[in-house]
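According to TrEMBL, the domain 'TMEM205-like' annotation covers 46-148. If you look up TrEMBL, you'll see 43-65, 85-104, 116-136, 187-207 marked as transmembrane segment.
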Amino acid sequence: MGWATRFLAAVCFFAAGVVFAPDVLLGARSGSGGGAATAAKVAHLLCFATSWGAALWATFIGGIIMFKNLPRHQFGNLQARMFPAYFMLISVCAAVSVAAFAYLHPWKAASTVERYQLGFLLAALGFDLSNLLVFTPMTIEMMKKRHKIERDLSIGEEVGWSKNVQVAKNNPTLAAMNKKFGMIHGLSSLANIMAFGSLAMHSWYLASKLEM
């Protein structure tokens, strides 16, 4: 995913430029009803909705269903393929949302509420990037090492954790690997939840702007 990482880096640098120097990069806005402002609103809304929906599905629905129905090693290998793409998607969306919101609400002219909202969006981007670039690669590497240990012990093709927990009681190597994996996976999950929570805070702001 080298090309995707380079594209994400470019988007993030562009977002940072819009945050700190919107007039230099994009020029002065012609007004809140201008075409550029409308395009920024559409980009922000679509990217926010994509991030929110993808995080909701991957965190609370899809992952749980797969874990409960797939053999554990098959589930892990699928997650190892899916999660880099997932975090790449929501990182790009978060970067676009930051850039669009910063364009619509330049820092110097933004209200306190708008500055807080930009902070929430930046937090979501930071947590997503930490998962994409740090925690997910570490989790996948640790998972592969644990899979090798489990294959040597003839476990891992069952659904659920029962055999792993039982064997680990009498196998210090597996128990230690479980502990390391649990720590890294826990940090990844925490970052994912924090990003989701930051988007949840922003959803309240967006809802307050709707007229229905």
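Residue positions begin at 1 at the first shown residue.
Even glycines carry a Cβ here, placed using N, Cα and C.
Shown for the domain 'TMEM205-like' (46-148): DSSP residue counts in helix, strand and coil, namely 94 helix, 0 strand, 9 coil.
Regional average pLDDT for the domain 'TMEM205-like' (46-148) in the model is 95.
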